[in-house]
Structures are given as structure tokens and as C-alpha cells.
Amino acid sequence: MAPGKKGILERLNAGEVVIGDGGFVFALEKRGYVKAGPWTPEAAHTHPESVRQLHREFLRAGSNVMQTFTFYASDDKLENRGQALKITGAQVNEAACDLAREVANEGDALVAGGVSQTPSYLSCKSETEVKAIFKKQLDVFMKKNVDFMIAEYFEHVEEAEWAVQVLKASGKPVAANMCIGPEGDMHGVSTGECAVRLVKAGVYIPHPLCFGSLVIVGVNCHFDPMTCPLAFHTPDCNCQGFIDLPEFPFGLEPRILTRWDMHAYAREAYNVGIRYIGGCCGFEPYHIRAVAEELATERGILPAASEKHGMWGAGLEMHTKPWVRARARRDYWEQLKPASGRPLCPSMSTPEGWGVTKGHADLLQHKEATSSQEMKHVVELQKKAKST
């Protein structure tokens with residue numbers, strides 16, 4: 001950590017609002033650097049300029065944390081289902097750490113090394129095998145001296161506990177996030193029990209620099225910001241979240257939250273006591289700017305990107321058309337009900353509730369590419385699920 005920068009726990013314990021970044025895999029998929037399906041982050045190694053620029057845009061928008069672009073950067077994921085990558089997980093993780101640190105040093109931002117759920121867990125590999133995957137990533141994060149750890153996008157509390165138990169050995173704070181909603185994890189463990197188990201998993205043996213629990217517990221992904229920080233409206237989701245929606249992942253644009261929705265999200269999160277507020281899939285830098293602008297008074301600063309954005313549309317006062325100038329006010333945007341422009345589309349969808357999770361044969365992962373026979377099988381399962 002750069003001299004003079006306060007750590008994540010120092011900031012939170014002082015009551016500061018820490019703003020995270022957004023959904024790198026979705027943002028970079030739209031920009032042509034990530035393939036939907038595997039969702040792996042080899043772009044950190046193959047196209048570093050794309051990752052560096054997105055970090056910079058989030059920093060300019062107000063982010064205090066540059067999370068390493070290491071989502072799904074474990075070797076078992078990089079090699080899953082026909083991926084023919086000649087890049088190791090270590091290469092991806094090292095490149096991602098370097099990019100995050102480079103941009104973090106351009107502002108008052110921290111670097112967080114991130115791990116996520118693994119194909120090995122879904123395939124019922126042992127605790128020892130799964131923990132070894134997290135340990136390989138942790139070795140890189142320790143080598144690169146990131147400021148704290150993030151364990152994110154876990155559907156099963158057991159795997160999240162394993163991740164926390166590995167990451168806490170670093171002696172650095174761990175932010176443990178699950179992608180679950182009010183119904184709890186995918187095996188029915190309640191949301192409250194998940195939180196308790198993650199706190200217990202993060203209890204650290206005291207030493208001169210650290211003591212007690214080093215875990216920040218939160219939620220990310222799968223549901224919209226009134227449940228989790230996802231940038232899509234998801235009132236029709238089931239317990240699996242937005243990946244069960246038929247629009248996932250290529251038809252979600254009609255559900256995207258406006259910047260004004262993000263103002264409401266930031267205010268609601270702050271009012272319930274949350275002080276580390278960020279975003280996940282679908283969050284673009286302008287969404288994070290909206291969060292930073294909503295909480296500008298509490299933070300005592302506006303983000304640099306607000307230079308090109310008047311608060312509540314104030315910049316529209318300079319527009320050539322008078323009816324557009326009339327929209328330069330807060331009450332207009334707060335009361336707006338955006339139309340989709342799609343007259344034949346329903347307002348909500350029916351999720352594809354297959355009802356399978358870790359332990360089911362259909363989730364067994366492998367290195368070989370998906371065969372035509374497997375595709376035929378999953379299409380038949382899809383038809384059956386829709387009919388019921």
C-alpha cells in the first residue's frame with residue numbers, strides 16, 4: 001500500500017464511505033475482450049490496455065477500490081469446457097495485479113485481489129482440492145502485495161467459507177460476498193446463517209498487526225440493487241437470480257438501471273448502514289459516478305468524472321432545445337418512468353428454474369468442449385423445464 005493511504009478497515013472503522021467498482025466481465029464482453037460463457041479474464045494478459053482503461057474510468061467515476069480483474073482466473077476455470085488457453089492462471093493474476101496497482105496509484109484507491117467460485121467445487125472435488133485452487137491465486141496476491149482480499153460470487157456458503165479460510169492466512173482483511181438473495185444459498189442455508197458462518201470463518205489468530213475477525217461480509221451479483229448490486233431490474237427472479245432469466249446474458253439491456261436508479265440505490269444502502277458500496281454485472285463507470293454523486297456530501301468530494309456531468313441533469317441548461325433544457329432539474333429525473341420502446345414485450349419473464357446445483361450430475365465440469373450430444377441433452381432439459 002502506498003505511503004499515507006489508509007487501509008480498508010481503517011476507512012470503514014472511521015465511518016468513511018468506500019466505493020467499489022463495477023462489473024468488469026460484462027463491461028469487457030460488450031467491448032470485445034471477454035467471451036460470454038467462460039467469462040474468463042485472460043484479457044488482463046492479452047489486452048492489458050482494455051483492462052487498464054476500464055480501471056481508469058472507474059477511478060475517475062469515484063471508485064476507491066481497484067479490484068484485480070481475476071474473476072474466474074483459476075486454472076480449473078481457464079481450462080474448463082474446451083478452453084484452449086496457453087496462458088496460466090498465474091500469468092493472468094500477475095498481470096491483473098500490476099494493472100490494478102498502476103491505476104490505484106493514480107488516485108486514493110486500494111487494490112483488492114479477488115477469487116470466485118470454482119468449477120472444481122461444482123464437480124464435488126474435495127475441500128483440499130478446492131482450497132489448493134484458492135491458495136494458488138493467493139500466492140500471487142501476496143507476491144504482488146495487494147491491500148486486501150475479496151472472495152466474491154459464491155452461491156454456496158461452504159465454498160465461500162473455504163475461500164475465506166485460505167485468504168485470511170495472508171493476514172490481510174477479507175471482504176466475503178455471496179451472490180444470494182433472501183432465500184439464502186443454493187442449498188437452502190439462510191442468508192443470516194451464511195453471514196454468521198462467514199464471520200466465523202474469518203476469525204484470525206491474533207498477532208502484533210491483526211486481531212479478531214478480518215472479514216467484511218456482503219452480497220454481490222444475481223439480483224438488482226434493492227437486494228444485491230446488480231445493474232439490472234430483476235423483480236421476476238427466483239433463488240438463482242438473473243442467470244435463470246431467459247434474457248441472460250445477451251438480451252438484458254432493457255432491464256439496465258438508469259443513473260437515477262443508482263442514486264436511489266446508493267441512498268438506500270447508506271441509510272441502512274452500508275459503507276462499502278459498489279457494483280457488479282452491468283455496472284458501468286457512469287453508474288458508479290451516480291453512486292459517488294449521491295453520496296458527495298457524506299464523502300466530502302465529487303468524482304473527477306462529474307466535471308462532465310451536472311448534478312441532476314444541470315448540464316442540460318446549456319442545451320439548444322428548450323424542452324430539453326426544461327429537464328435540467330432533480331424532480332424530473334426522480335419521477336421519470338422510462339419506457340422500453342418494445343410494444344410486444346412483457347414487463348417480466350418466467351425464469352428457467354431447473355432446480356439443480358452443486359452435487360447434481362448436470363453440473364459436472366470437464367476440460368473437453370461441450371459435445372453435440374451434450375447440447376442435445378441440455379436443450380431437452382430446457383424444453384422440459386419450460387413446460388413445467
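From the backbone N, Cα and C atoms, a Cβ is placed for every residue, glycine too.
According to TrEMBL, the protein has these features:
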type	residues	note
BINDING	C210, C221, C280, C281	Zn(2+) binding site
DOMAIN	6-295	domain 'Hcy-binding'
REGION	368-388	region 'Disordered'
Fewest other C-beta atoms within 10 angstroms, as judged across C221, C280, C281, which are the binding-site residues: C221
Outside the region 'Disordered' (368-388), six or more residues from its ends: residues with CB under 8 Å to it: 81-82, 350, 352-354, 362
Residues of the region 'Disordered' (368-388) by DSSP state, where helix covers H, G and I: 16 helix, 0 strand, 5 coil
